[in-house]
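Notes for the one structure printed next.
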């Protein structure tokens, strides 16, 4: 054991990032082994040929098929493409089983999405070397769940995440700080985890195009352009990341959101606002189901030319109802939509906490209003859920129901 202990750093940490390969498609293959080796896509209604590719297998990617591609285009590239409708119940169960497997190796696990998570194995030397543990995890997921994954091994979260992206599928990559100048610095800033399109544009404006330039850039200029987040990114570009694996996030929620990618560009404001309301309702239901509230509402607008705008509104009081979420989202929409056609729309509730722990700053009138309407809203939701259609609606909702239902329009247009 003492020899194995020498395989671990004396002062630093050993972090694994486990990232499942083509997760939804892999779960479908595990559920139906006859799909093995076939070009497979998880997408919308294949009969209507109007669905969007959510994910696809590596066999499908060899034909040029990619995420968000319209299904008709994917079928044109690969006529023999096998299509499955998304089964999120199946995916959630597979995710649960995946984290159950990971928990056999260490209790220090932090999920970051349905199909990826970090493990701190610094104290796991009794199980073997870091590379041996990674191989055991990969093999366990593959043999027990028939789910492939890639794993990054590094001294911190950022480098572990970066390493797991380097070899797919079924890759295991070790990334040390001494590897950064050769393996990371030559890459463009757009390739760096944590840098989106807008941040990359801001960095480009101050003549930072590569990760090396970010690492060696003037801290004051970077802070002035991007703020504290820019300094955090610069530290990571140098290989420094002080974040720790947080096991308390097992079961916690950072955000609750929904988005819709359209099969064609949309520019009619009424239809886009209808979609925004639909997404707000979905977010509200998920918050209420988990007894959560939000102090910040965010919208994302992705235009036809791939420009992406993300804006948020900080709230004085916690909210969870559809009406309040839609009100905040629609205000953001009216302030930031430039009138151009839209390809994707999203609504996300952030700054989440348990409803029982939230402290709402109420005056007498708002307290009475909330106290009166909360039981009624619960009954309305229960009745509507029971019958599957909006039997009961508020007056404001009825004014928007003069045309056929949004669900019908959605299915006719996009599914």
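Glycine is no exception: its Cβ is also placed from the backbone N, Cα and C atoms.
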In Swiss-Prot, which of 157-182, 183-208, 209-234, 235-260 is labelled region 'Disordered'? 235-260
The number of other Cβ atoms within 10 Å of the Cβ of residue 116 (active site), counted over all protein chains shown, is 19
Its residues classified by DSSP, the compositional bias 'Basic and acidic residues' (235-246) shows 3 helix, 0 strand, 9 coil
